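Trainee: Got a structure here, written out as C-alpha cells. Questions coming.
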Amino acid sequence: MVERRNPLVLSSTRSTLRSVLNSSQPSSADGDRVLNKDGDLLRGNARLSAGILRWRKDGENVSDAKLDSLDDSALVGLSTQLLKRLSINSGSLVVVKNIEIGIQRVAQVVVLDPPKTTLEDASLTQVPVSDSLHTMLVFPTYDLMGQQLLDQEVAYLSPMLAFNLSLHISCLKSLVHRGNGVLEKYFEAKCDEEFIGKSAEDGSKIGLDLEPVSQVPGYASHLRVSFVKIPECGTIPSLKVNSSFEAEERQGLIDSALQKYFGTDRQLSRGDIFRIYIDWNCGSSICNPCSQRLCSESDDYIYFKVIAMEPSNERFLRVNHSQTALVLGGTVSSGLPPDLLVYRSKVPMPLQEETVNILASVLSPPLCPSALASKLRVAVLLHGIPGCGKRTVVKYVARRLGLHVVEFSCHSLLASSERKTSTALAQTFNMARRYSPTILLLRHFDVFKNLGSQDGSLGDRVGVSFEIASVIRELTEPVSNGDSSMEEKSNSNFSENEVGKFRGHQVLLIASAESTEGISPTIRRCFSHEIRMGSLNDEQRSEMLSQSLQGVSQFLNISSDEFMKGLVGQTSGFLPRDLQALVADAGANLYISQESETKKINSLSDDLHGVDIHQASQIDNSTEKLTAKEDFTKALDRSKKRNASALGAPKVPNVKWDDVGGLEDVKTSILDTVQLPLLHKDLFSSGLRKRSGVLLYGPPGTGKTLLAKAVATECSLNFLSVKGPELINMYIGESEKNVRDIFEKARSARPCVIFFDELDSLAPARGASGDSGGVMDRVVSQMLAEIDGLSDSSQDLFIIGASNRPDLIDPALLRPGRFDKLLYVGVNADASYRERVLKALTRKFKLSEDVSLYSVAKKCPSTFTGADMYALCADAWFQAAKRKVSKSDSGDMPTEEDDPDSVVVEYVDFIKAMDQLSPSLSITELKKYEMLRDQFQGRSS
C-alpha cells in the first residue's frame with residue numbers, strides 16, 4: 001500500500017498546529033519531528049554512510065538542462081525514504097557534516113529514484129553496500145545513468161563536495177588502519193567496476209550527519225577566488241600561451257566559463273575548491289609537461305579556491321553572478337582531489353607493483369591526521385638503474401593521493417661553491433611549499449656523493465655533507481600545530497578541524513638516485529626509508545610490449561603469441577625506457593616502410609589499368625609483412641647496441657648443439673645442472689640447494705667457450721661473458737664493485753648464464769698473488785659472497801667458468817655450492833669423435849662428392865684440438881676459394897652445374913691444409929693436462 005505523504009505545514013497554520021500539539025511531548029528520536037521554542041516544526045537529523053554520486057554529461061537519460069541546474073560542487077543524492085524521514089523535498093538544502101573530522105558544508109538534495117524497483121517490492125529497496133559499485137574501496141557509488149539498485153542508508157555526495165568535506169582523508173585513514181593488503185588494492189584500482197562484490201566492513205564506512213537547513217543562506221556580496229597552482233605546468237593554464245592575443249583569448253574563455261558557472265546559485269564556504277570545465281588544448285611548444293601529459297577526463301578542468309567572502313561573519317553563503325561581485329586573481333596552494341574520487345582513472349598502474357605498494361604504505365600514514373603522524377619525519381630514497389620507472393611510480397602514487405609533484409634535478413643545485421649547495425637545496429623546499437601538499441622529487445640525487453672531491457680534504461667533505469643533511473632533516477620535519485601560514489591566520493572563521501587540513505606534512509621528500517653507493521652516511525641517515533627498484537621480469541615486459549604493439553600486430557607475418565614470446569626472450573634486462581624506445585624505433589621504421597610500399601602499389605595500379613588498388617595491395621601483402629618484421633628485428637639490434645656497456649650486455653647467443661661436435665658426456669652433465677632446475681622448479685621448491693656452478697677445464701681450444709654458448713642458447717638463457725682482466729681496476733674498491741655489477745646485471749636479465757673465461761686470472765689462490773694492495777684477494781672474496789647467493793631456487797642464475805689451469809684457482813671456489821661440478825674438456829684421439837667435430841664445422845660448406853670426413857679425421861694427428869680442426873676447415877675452404885679465383889682469372893668457363901657464387905671444397909684441399917698445419921698441443925703438454933684431470937677427477941661429479 002502506498003504511504004501517504006506528510007501534510008505541508010504553512011505559516012498561516014502555525015497557531016492551529018501549536019494548539020493541537022501543545023499537549024504532546026516532543027520526541028528526540030532520530031528522524032522524528034520536534035518543535036523549537038517558538039513552536040515551529042523542526043525536521044529531524046539523519047546519520048548515514050558516505051557514498052559518491054556520478055553522472056555523465058553526455059548521457060541519454062538526463063537532459064543537459066537538468067544537469068546544468070545541478071550544483072556539482074555541492075550535491076547530495078538521497079532516496080525517497082530518506083527525504084520523507086527528513087521531511088524535505090528534492091532541491092532542499094541540508095548541512096552535511098563529516099563526523100570524524102567535523103567539517104560541515106551546505107548541499108542541495110536531489111532524489112534518486114531506484115530504477116526497476118517499486119514501492120510494493122520493499123525488499124528490493126534495501127541493497128547492501130557490498131553489492132554496489134565502490135569508489136576508493138570505501139564509498140558506495142551511484143551512477144545517475146546506471147541501472148544499479150539504491151542503498152537506502154547512504155548519502156551519495158558529488159565528488160567535489162566529498163573532497164571539501166575531507167572524505168578522502170577519512171577514506172585514506174580507514175584504508176591505512178585496515179592494513180597494507182587493503183591499501184594495495186586501492187592503488188591497484190583502475191575504475192569503480194573492479195570492486196563489484198567487494199565486501200565493505202562496517203568499520204570502513206565513513207559516517208555523515210545530515211540536517212535540514214532551517215534558513216536559506218544569503219547571497220554573498222563579494223567573492224574572491226584564486227587559481228590553484230599546478231606545478232606540472234609551472235603556471236596557471238590561462239598563462240600557457242605564446243602571445244598576448246592568445247593570453248587574452250584564453251582569459252576570455254575562463255571569464256565566460258565562470259560567468260556560466262555562477263549563472264545558478266552555488267553554495268560555497270571559505271576554503272572550498274571548485275572546478276570549471278573548458279575544452280581546450282595547451283598547444284604551447286615550450287610546455288613539455290603539458291605536451292607529454294596523458295589525455296584524461298581531468299585535463300580540461302581548472303580548479304579554483306575560495307579565498308574570501310562577504311559578509312565575513314556568515315559561514316555559508318550563496319553565490320550568483322547577478323547578486324555577487326566576483327574577484328579573480330592570484331594563485332594559491334591547495335591539494336587536488338585524488339583521481340579515483342573525481343573520475344574513473346584511465347592511467348594504468350605501473351608495472352612495478354611492488355614498488356608502488358611500498359611507496360604507498362610509506363606516504364599514506366603521514367597524510368592521515370593523528371598525533372603520531374604529526375611527529376614522524378618522512379623522507380624516501382628511491383634508487384634504481386636509470387630508466388627503470390622511478391618518476392613514473394612517484395607520479396602515479398601522487399595522483400592516487402591527490403598530491404602535486406615538484407621536480408628538481410640535483411645537477412642544477414650544484415653551485416660554483418659547494419657551500420652554496422645547501423642554500424640552493426633549501427630554496428627548492430621553499431619552492432615546493434608553494435604547491436603544498438606536494439611531493440618534492442629530487443632527481444639524480446647521487447651527484448651529492450662527489451661533494452668536496454675538488455678540495456680533497458676529508459674535513460671539508462664531512463662539513464658539506466653535514467650541511468646538506470641539516471637542510472634535509474630540518475625541512476622534512478612536519479609543521480607543528482602551533483605554526484600556521486598567513487593565509488590561515490587571515491581566515492579566522494575556519495574551524496579548528498578545517499585549519500588542520502593545511503598542517504602536517506606539507507612537503508614529502510623523495511630523492512631518486514641510480515645507486516646509494518658513495519652517498520655519505522650522514523646524508524643517508526636523513527632518509528626514513530630506502531626503496532630499491534629492479535628491472536622488469538618476463539611477465540611485466542610481456543604486458544608492456546602487448547599494450548604497445550596492439551596497433552601493429554596485424555602487420556607481422558607470424559602469430560601474435562609466437563612473436564611476443566620471442567620478443568620477450570630477446571628483451572631480457574630491458575627497462576621500461578628501453579622498451580618504449582624499441583617500440584618507437586620499430587614504429588618509425590614501419591611507417592617509412594608502409595609509405596614506400598603504398599607508393600609502389602599506387603605506381604603498380606597506374607601501370608595495370610583496370611586493376612583495383614586493393615587487388616594490387618594483396619599482390620604485395622606478404623612482402624609488407626616481411627618488411628615489418630625485419631624493421632622490428634633491426635630496431636631490436638640497434639637497441640641492444642645502445643644498451644651495451646663496457647662489461648658486456650646480456651644477450652642470447654645463436655650457437656646450437658649442431659655447432660658443437662662431440663662432447664656428449666659434457667653436454668649431458670651441463671644440462672643436468674642447468675636445464676633440470678628450469679624445467680622442474682617444483683622439485684627444488686622444498687629448499688634443496690641447487691648446484692648452479694660448472695667449471696670447464698682442459699687444454700686450450702677444446703670448445704669450452706663454444707659449449708657454454710650452446711648451453712645458453714638451447715636452454716633459452718641470456719649469456720653474459722666476462723673476461724677476467726676486464727674487472728680489474730687500479731682504484732681501491734672499483735674491482736669489487738665491478739664484480740657486484742656483473743651479478744646485478746645478470747639478475748636483471750634472469751634467466752642468465754654468467755661465463756667467466758680464464759677464471760684462473762680472475763680468482764687466483766688468495767695469499768699467493770703477491771700484489772701490494774691485496775686487490776685479487778678482495779676480488780675473490782667478493783666473488784665468493786656473490787656466488788653463495790645463487791643457491792636459491794628462485795634465482796634462475798647459473799655460472800660457468802673456463803680455465804686451463806684449475807690448480808691456480810682459489811680452492812674455496814671449487815667447494816660444493818660454488819663451482820662444484822668440474823668437467824674435463826679434453827682431446828679425444830678417436831677418429832669417429834674427430835669426424836663429428838668436422839661435421840659440425842663443415843655443415844655450412846659445399847663439399848665435393850669425393851670428400852670423406854672420416855678419412856680426413858683419421859689423417860689428423862691425435863693431439864688435434866677443436867680449434868686445430870676449425871683452422872683445418874678454414875684453410876681448406878680458403879684453398880678451394882683460391883682455386884676458384886684462379887680459374888676465373890684464366891678464363892675457364894664454369895659449367896652449368898657450377899654455382900658462380902659457391903665454393904666447393906674437395907678432399908685435396910683438406911690434405912694441403914693439413915700439411916701446412918701443426919698441432920697446437922704437443923704430447924708432453926697433453927700429458928700435463930691429463931695429470932690435472934687425474935688430480936681433480938675426485939672432485940668431479
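Cβ atoms here come from the backbone N, Cα and C positions, even for glycine.
OK, Swiss-Prot features for this one:
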- 384-391, 698-705: ATP binding site (BINDING)
Trainee: Hey, which of the binding-site residues GLY384, PRO386, CYS388, LYS390, PRO700 is the loneliest by Cβ count within 10 Å?
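Mentor: If we count Cβ atoms within 10 Å for the binding-site residues GLY384, PRO386, CYS388, LYS390, PRO700, the smallest count is at PRO386.
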Trainee: Is it possible to get the count of other C-beta atoms within 10 angstroms of the C-beta of LYS704 (ATP binding site)?
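Mentor: Looking across every protein chain shown, the total is 25.
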Trainee: Might you list, by sequence position, any residue in that chain lying six or more from THR702 (ATP binding site) with a Cβ less than 8 Å away from its Cβ?
Mentor: VAL825, GLY826, VAL827, THR865, GLY866, ALA867
Trainee: Going by DSSP, give the three-state secondary structure for CYS388 (ATP binding site).
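Mentor: DSSP assigns CYS388 (ATP binding site) to coil.
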Trainee: Over all shown protein chains, what is the count of other CB atoms within 10 A of the CB belonging to GLY698 (ATP binding site)?
Mentor: 23
